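Some features that TrEMBL has for this protein:
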- 1-116: domain 'MTTase N-terminal' (DOMAIN)
- 10, 46, 80: [4Fe-4S] cluster 1 binding site (BINDING)
- 139-367: domain 'Radical SAM core' (DOMAIN)
- 153, 157, 160: [4Fe-4S] cluster 2 binding site (BINDING)
- 370-442: domain 'TRAM' (DOMAIN)
- 384-416: region 'Disordered' (REGION)
Ligand code: SAH
Ligand code: SF4
Ligand code: F3S
């Protein structure tokens, strides 16, 4: 059958879609990029915020005409929204298959059961063991490969749906991960990004994340190792030392803060205080002076006052992040916050706060980028700067290539004779808040 697969959400979902391709391939299913051609449409969904849900419903609506037109046509909802809403999704007339993140091995069987019939099938059990460790993902060619090192999350931050959609935390074995990374290096991938909801709770028979990342960084052929995300509550010293000491571990840490007010952090059950977070930032900067720090923030969590918000803004000034992903709080069904704290910050207040915080961060990012003018940075080439879906509109420039610094900032420069996956030195001469512009130089 011809299968069209579309992916929403985070890198973990991208990775899962690669697993799904591998699960379907031995059953003779062929992937297609044209939805009109497909007999099976699979949508790998996200549930993290309400707009993620809305986007999927919009997409399902667009599939109605195809469903009417075709005799053999299955639409399956996979991923976090499938796990979160379960049978509720059958209320949408095009959906006949619902499969949660731990049930992908059953996909071929389930597709066979529903295709050409009026049947509906759902499989959405969460597993304590499933890591898909034996399945080699079918990746799209590129420079970077995502590698899930663990699945699930046990943190239960009160706002977050992930522990319910992804289930209990479980780690893959170091050996299993290393053999995947070795084969990636052989296939020509130059960068791996290790994925987990909280990589600092990675465990394999007494070995922890720092042990794993050092081994991954030693795999010949891999030039850069990244990871996302560590939880600030249990950031281990050995990991800092690993990042500081290993030339192939990128000097970049994504350290989700969520809020700068202790009262809100407590309601969120993040289990660290503003002071502890700032102390950690200081320690990181002391150990790795060139580190790039990025973060995630939620504005408008229940009961957040202007004073609370000002504490977040103040922490932005003190913390000097290189960049930040800022979200408006979105109540998620089933979470602790949805049961205990009414979503009482008005939408216009959330909008006002997010706009102010984005403006503040933009100014900080611009300032930090300006400090890079005149410096020569090592850049891993991603591809053409005007390629489809590459980076922000500001970085689309014909005749130019783009790549990433170690700190994960986009750099745009005139085309070199080198292809994606090559490291080049680029001297920076101009910047915006999100992009650096430069010229390749000989070292
Ligand atoms: N495990 C990761 C986070 C994954 S979700 C970590 O802890 O770092 C990515 C980000 O989405 C979170 O860091 C948070 O900022 C945001 N997010 C999660 N739930 C949200 C909600 N209910 N409303 C708004 N933003 C949310
Ligand atoms: Fe969600 Fe918190 Fe787990 Fe991250 S650590 S996935 S924010 S519950
Ligand atoms: Fe990722 Fe969205 Fe699920 S962020 S873990 S796809 S809820």
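Using the three backbone atoms N, Cα and C, a Cβ is placed for every residue, glycine included.
Overlay of TrEMBL feature records on the structure.
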residue	record	contacts (Cβ under 8 Å, 6+ apart)
10	[4Fe-4S] cluster 1 binding site	46, 48
80	[4Fe-4S] cluster 1 binding site	9, 13, 45, 46, 47, 48, 101, 161, 162, 165, 166
153	[4Fe-4S] cluster 2 binding site	160, 162, 163, 166, 169, 197, 198
157	[4Fe-4S] cluster 2 binding site	258, 268, 269, 270
Chain-mates of 10, 46, 80 with C-beta within 8 Å of site centroid, [4Fe-4S] cluster 1: 8, 9, 12, 13, 45, 47, 48, 52, 79, 81, 162, 165
C-beta crowding around residue 46 ([4Fe-4S] cluster 1 binding site), within 10 angstroms: 22
Non-site residues, in chain order, whose CB comes within 8 A of the mean position of the CB atoms of 153, 157, 160 at [4Fe-4S] cluster 2: 155, 156, 159, 161, 162, 163, 197
DSSP residue counts for the domain 'TRAM' (370-442), split into helix, strand and coil: 4 helix, 35 strand, 34 coil
DSSP three-state assignment (helix, strand or coil) for residue 153 ([4Fe-4S] cluster 2 binding site): coil
Contacting binding-site residues for ligand 3, chosen from 80, 153, 157, 160 when the Cβ sits under 6 angstroms of any of its atoms: 80
Structural state census, the domain 'MTTase N-terminal' (1-116) (DSSP three-state): 63 helix, 24 strand, 29 coil
Cβ under 6 Å from ligand 1: qualifying binding-site residues of 46, 80, 157, 160: 160
